[in-house]
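Quick look at what Swiss-Prot lists:
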BINDING   8-22, Ser99, Lys243  NAD(+) binding site
ACT_SITE  Lys174  active site
Amino acid sequence: MEKSIKIGFIGLGAMGKPMAINLLKEGVTVYAFDLMEANVAAVVAQGAQACENNQKVAAASDIIFTSLPNAGIVETVMNGPGGVLSACKAGTVIVDMSSVSPSSTLKMAKVAAEKGIDYVDAPVSGGTKGAEAGTLTIMVGASEAVFEKIQPVLSVIGKDIYHVGDTGAGDAVKIVNNLLLGCNMASLAEALVLGVKCGLKPETMQEIIGKSSGRSYAMEAKMEKFIMSGDFAGGFAMDLQHKDLGLALEAGKEGNVPLPMTAMATQIFEGGRAMGLGREDMSAVIKVWEQMTGVSVSGGQ
């Protein structure tokens with residue numbers, strides 16, 4: 001990666017901050033902005049240049065990364081009052097790493113193209129640990145030429161980098177992946193409660209299913225660490241999983257694709273959020289079934 005390149009980073013939360021820090025470790029200039037002053041201070045301490053608003057970041061940068069909570073915020077940051085697109089010079093590349101719908105990305109890409117700006121979707125998988133270690137999986141939607149331009153920068157913050165297609169394709173892959181994760185997690189919770197109701201021990205199911213056709217990433221990643229321990233702090237928040245299922249339903253509606261299993265999983269996670277579990281790991285959805293049935297699985301009981 002060329003050290004002379006100027007990077008902008010907007011959105012320095014749990015994911016954005018470690019990604020920006022990894023870029024700084026490579027010796028490039030990073031212009032940073034976040035509404036939370038503490039987040040900006042954390043990257044300034046690592047050598048970043050603080051900017052007072054989004055436009056200042058845009059005007060100073062060759063490539064601008066954004067990592068934001070949802071599509072509404074992304075669109076406001078890009079095209080609202082004082083937005084990024086009003087201050088970018090032609091030839092700038094914007095790389096949005098947020099989890100949003102392909103339709104939102106395509107809308108922003110169209111506006112950007114009218115100004116001579118390339119707009120890329122590059123959602124990630126790997127969580128905060130992957131962001132800190134620089135080992136994220138990155139799913140990129142962009143033209144071949146733009147992908148080649150940004151790939152050296154992406155390689156600093158990610159390990160497995162996939163050019164999956166044109167603009168919007170990265171968001172689509174992320175949505176499909178998280179649809180499967182959500183449905184698998186809801187099914188796992190349901191199955192474990194049934195097993196305990198039938199007299200099985202959680203440990204027995206974990207061992208046997210883990211070696212059988214019913215095994216899944218949801219079981220491998222969530223069973224021992226969260227469900228068996230009964231500690232659901234940290235991890236991938238239920239609120240975020242619920243949001244991603246909503247994005248899948250939105251894409252299905254736009255494409256006339258029925259998604260009945262996704263709709264049901266969404267309602268199950270909604271039940272968990274109604275119980276106040278939104279900030280716990282998504283595997284806390286098992287508490288919905290425990291409450292309905294009077295069966296205890298979590299905590300190895």
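Backbone N, Cα and C atoms are what each Cβ position is placed from, and that goes for glycine too.
Positions of the features from Swiss-Prot, shown on the structure.
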| residue | record | DSSP (3 states) |
| --- | --- | --- |
| Gly8 | NAD(+) binding site | strand |
| Ala14 | NAD(+) binding site | coil |
| Ala20 | NAD(+) binding site | helix |
| Ser99 | NAD(+) binding site | coil |
| Lys174 | active site | helix |
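A gap of 23 Å separates the Cα atoms of Gly8 (NAD(+) binding site) and the residue listed as 'active site'. Residue density at Ala14 (NAD(+) binding site): 13 other Cβ atoms are found within 10 A of its Cβ, drawing on all protein chains shown.
Within 10 Å of Lys174 (active site), counting C-alpha to C-alpha distances, fall the following of the binding-site residues Gly11, Ala14, Lys17, Ala20, Ser99: Ser99.
Shown in sequence order, Phe9, Leu12, Val30, Ala32, Val43, Gln46, Ala48, Phe65 are the residues of the chain, 6+ apart in sequence, with a C-beta less than 8 angstroms from the C-beta of Ala20 (NAD(+) binding site). The Cβ of Gly11 (NAD(+) binding site) lies under 8 Å from the Cβ of Asp34, Thr66, Ser67, Leu68, Val77, Ser98, each on the same chain and at least six residues away in sequence. Applying an 8 A CB threshold to same-chain residues 6+ apart, the list for Lys17 (NAD(+) binding site) reads Asn39, Ala42, Val43.
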